[in-house]
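Notes to accompany the following structure.
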Amino acid sequence: MQTLLGILPDALAYGMVLFTISIGLSIMMGLMRVVNLAHGAFAMIGGYLASFALTSLGVSYPIAILIAVIGTVIVSVPFEFLLYRRIYRRSDELTQILLTIGITFFIVGIANYIFGPTSKPIPLPDLLKGPFDLGLRMIPAHRLFVIGCGVVTAVALWLLIEKTEFGVRLRAAVDNGDMAEALGIRTQIVYSATFALAVGLAAFGGVVGAELLPVEPYYALRYMVTFLVVVSVGGAGSVTGAMAASLLLGLADTTGKYLAPEFGEFFFYVAVIVIVYVFPHGLFGKAH
Amino acid sequence: MATLSVTSAPQSAAAGLRNDLIAAAVIAVVGAIGYFVFPDDLAFLIRVIGLAFLVISLDLVTGYCGVATLGHAALFGVGAYAAGNVCLAGVTDPILMLLTGVIAGTATGLMSGLLVTRFRGLPQLVLSIAFGQLVAALANKLSSITGGSDGLAGIAPGPVFGVFNFDMFGRTGYIFSVIVLLVTMVTLLRFSRSPFALMCRAIKDDTLRARMIGVAVYPRLVVMYCVAGAVAGLGGALTAINTGVVGLDSVGFERSAEALIMLILGGAGNLWGALIGAILFELFHHYVSAASPFHWMILIGLLLIVVVLFFPKGLVNEVTRRIGDLRQRRAAR
């Protein structure tokens, strides 16, 4: 029971970080069918910008998050305009994989050229530093904050996709891009907006999740496949699926690390193989 | 997907033999040039040859069958660990070590192939990644047979055929590697013209149509994966023999990703492209990475973007196409 109580908050927090970062990729893959291995690179840019804002500019934590998200979206614009646009919906996976690996390498190289090859601290505000008394046991306040961020992101996205004009256009483009275009939806704009949303969410997740996935020079390479795996398990384009996959994989990974630390990622990938083999389109995905 | 990549009809037996001889001669001559021009860099050249096997193996599944995989290093690494282990167990004959690598690679290829080729697209890619990561995690943890993060060290192969000892300058190792590469390459060039390999290309070009004309797609891809596993395992064993150590990097994700990059630089679907891609990538790496690892990442990233966007068929295929165009124009004149 004690172990279970120890594992659950960590697993939940880790799962929520995975969700916050991966959900952007999931929406992007559901809509544009781009296997984007550079998603982690944008999370890394967010982490770098937040670290820079906090340590060099001395702004407060919320402002730093804002700077990171907006800054990353701005940085991503030329990539979208020059590169991603060419591979939306039409290229085969191999082209997409290679192009986005190229982008990742490029971003890792540039980020380290500018900011130096050291890991980047993202100091927490005092409010989130201490432990928090849940009544049952103490857990770090930051864990709660991350879990809260994940829940808020999920609800906000659900509202955006189900209840707004933009969501209607997005769902129309997902279901049938050509027909949506024929009906007067400017799909290119929907794609670009979705890309910006995905990148912004990646940056947000990169900053708030920095305690669990520390921001360091090879961040983009280290977690390159993790986010893709989450999306694939959950099913591309599904918010529910991404949430389920993140929590499940977060649980598998954290439990494995608690109970059999010597086997590290073994359980994580066993879970992935079993799930993908049984549900090739993901837990909540649709066949295209 | 409608573009056909098979450009030539199966050749006559005589033409095939001539091509094989030319291929053997080219590898022998280039190998000799490497030996005499860069006598101090033989260790580097040996490393390149070892990696070339991995890229050629990847070409068999990616270039010939259209399987997108990011876990191919597992096949290479298992071969290397297997060869290292039999050597440590007392079987020091290099040929037997190579054979062990081939068997281990084939077995890993079979498992990987059964899993990966069952699907197409995203599930295929993710399964290949997961398989590779699984093998990497096991290699890290089963330290009794892999040496864990320290690597498997102390592999001391005996003399080739009981005559040629491996020397510290890598002369024997280099010649041995070139010969193994030559034999493998000629064999695979023949194999790539076989009806089996041509049918794999057909599956790549149009799986549905292949299925309609009665091709059993899944078993064919699994068999091709086994062949690729044999080639990768051979390369792994060769690397283990030459370097004497097998590290975790030989099964890692980076190795898989790099192999894919090498293949695309050279040109998928062409065994020469795979070979030349491996050589180009490693040369580039050798010189730029010495300056700064991060400059290297920027440059390789840019190069990859440029190749994918402007030369999607790879540099070798691009050059041969240009030469072909030139010849046609000359013939028309």
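One-based numbering along the chain as shown.
Each Cβ is built from the backbone N, Cα and C atoms, and glycine gets one as well.
According to TrEMBL, the protein carries these features:
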TRANSMEM  A:12-31  transmembrane segment
TRANSMEM  A:38-57  transmembrane segment
TRANSMEM  A:63-84  transmembrane segment
TRANSMEM  A:96-115  transmembrane segment
TRANSMEM  A:141-161  transmembrane segment
TRANSMEM  A:189-213  transmembrane segment
TRANSMEM  A:225-251  transmembrane segment
TRANSMEM  A:263-284  transmembrane segment
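Away from its own ends, the transmembrane segment (A:38-57) comes close to residues 21-22, 24-25, 28, 63-65, 67-69, 71-72, 75-76, 79, 100-101, 103-104, 107-108, 111, 115, 120-123, 198-199, 202-207, 209-210, 215, 219-224, 226-228 of its chain (Cβ-Cβ under 8 Å, at least six residues beyond either end). Beyond its flanks by at least six residues, the transmembrane segment (A:96-115) meets 34-38, 40-42, 44-45, 48, 52, 79, 83, 87, 217-218, 220-221, 224 of its own chain at Cβ-Cβ distances under 8 Å. The transmembrane segment (A:141-161) shares the most Cβ pairs under 8 Å with A:12-31, out of the stretches A:12-31, A:63-84, A:189-213, A:225-251, A:263-284. Sequence-distant contacts of the transmembrane segment (A:12-31) (same chain, six or more residues past either end, CB-CB distance under 8 Å): 39-40, 43, 142-143, 146-147, 149-151, 153-154, 157, 170, 173-174, 190-191, 194-195, 197-202, 204-206, 208-209, 212-213, 226-228, 230-231, 234-239, 241-243, 245-251, 253-254. Counting Cβ pairs closer than 8 Å to the transmembrane segment (A:189-213), the top stretch among A:63-84, A:225-251, A:263-284 is A:63-84. Using a Cβ-Cβ cut-off under 8 Å and counting only residues 6 or more beyond its ends in the same chain, the transmembrane segment (A:263-284) has close neighbours at 229, 231-236, 238, 240-241, 244-245, 248-249, 252-253, 255-257.
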